[in-house]
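Q: As annotated in TrEMBL:
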TRANSMEM  39-56  transmembrane segment
DOMAIN    67-128  domain 'Homeobox'
DNA_BIND  69-129  DNA-binding region
DOMAIN    131-332  domain 'TLC'
TRANSMEM  140-160  transmembrane segment
TRANSMEM  210-229  transmembrane segment
TRANSMEM  264-284  transmembrane segment
TRANSMEM  304-324  transmembrane segment
REGION    340-391  region 'Disordered'
COMPBIAS  359-369  compositional bias 'Acidic residues'
């Protein structure tokens, strides 16, 4: 049965145009072609990426956070309470008013104390600012290096300037060593992102992130199997062109460099919209949908590849909507999370990540602390501490 399924899976008509077989893509005369077995190496490389990431975050990102004065906000812990903890873990982290009143009777706490307990308990589960900074630093470093490497791989190729060259001689297109390593590193990195997504900072688009990683892995793998390597390298480099800008904006946001964060974000938004909503659909997807039909009839692989491209494009539209909302708030001066300046001067707006799980403030506790010591920020008195850290 396994052999039958294996034969159906690798049936040439699924992966290759008519009148072509896998034998046509066997290495000969010094020409090397992509093979499915090449991708086995990406799984151990993904775990190697996780090790490198841990070392990077420990020995590079953490000291960098210290240099940039990334500070943690002091979080008050919820008082141990078995009744409330059981409800929090088993039922919901956000109880309704009726639940709060019921828990108040069961736990012997007042309604106000129950509400405060849940706020503090939720804040305990939220990722720290240092964790966010370390993750953004790692992704920024990879995306920047990947973009530079990707451009080095494709900038001197004729299909970078003339998209019809992408399909010249397809599928009998030999693979270059630079293309091999570009593919292996990119695919390994996305495997590592998928493996670590459960422990990484969770945002509101958590499900979309999983869909994106899975779709990207399938697209990269399929384009390798079907020898869509030229199109694949263009698509990967296009995606890397804006990602490092977003991660750098996050880093500066966590460090409190609001103006720098805002300026980088505006550049990121422009690059994202141009690359993902203009170049990708009207140049790259036009190249993968229209040009191949001049050479061969459509086959399953053609439909599958372009279907996955549509899935990715749909995610880009979703994220573009969030980005435009953030940019609109910034431009109109309605962005929240302004960094309070000393001596009561006007605060700077900071673009807020719409995907963020915002930390809740405990107003009653702040009032108690203020009555004793004045407003606190990381344990030190300040003149204005009504801002909120944003992602």
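Heads up, the Cβ atoms here are built off N, Cα and C, so glycines get one too.
Curation plays no part in TrEMBL annotations; they are all automatic predictions.
Surface or core, plus neighbours and distances: that's what I need for these features.
A: Residue counts of the DNA-binding region (69-129) by helix, strand and coil are 36 helix, 0 strand, 25 coil (DSSP-based).
Outside the transmembrane segment (140-160) by six or more residues, the chain places 56, 166, 168, 178-179, 182, 185-186, 189, 230, 233-234, 236-237, 240-241, 243-244, 247-248, 250-251 with a CB less than 8 A from a CB of the stretch.
Residues 15-16, 25, 33-34, 36, 38-39, 170-171, 173, 175, 179, 183, 186-187, 190-191, 193-194, 197, 235-236, 288, 301, 304-305, 308-309, 311-312, 315 of the same chain, all 6+ positions outside the transmembrane segment (210-229), place their C-beta atoms under 8 angstroms from a C-beta of that stretch.
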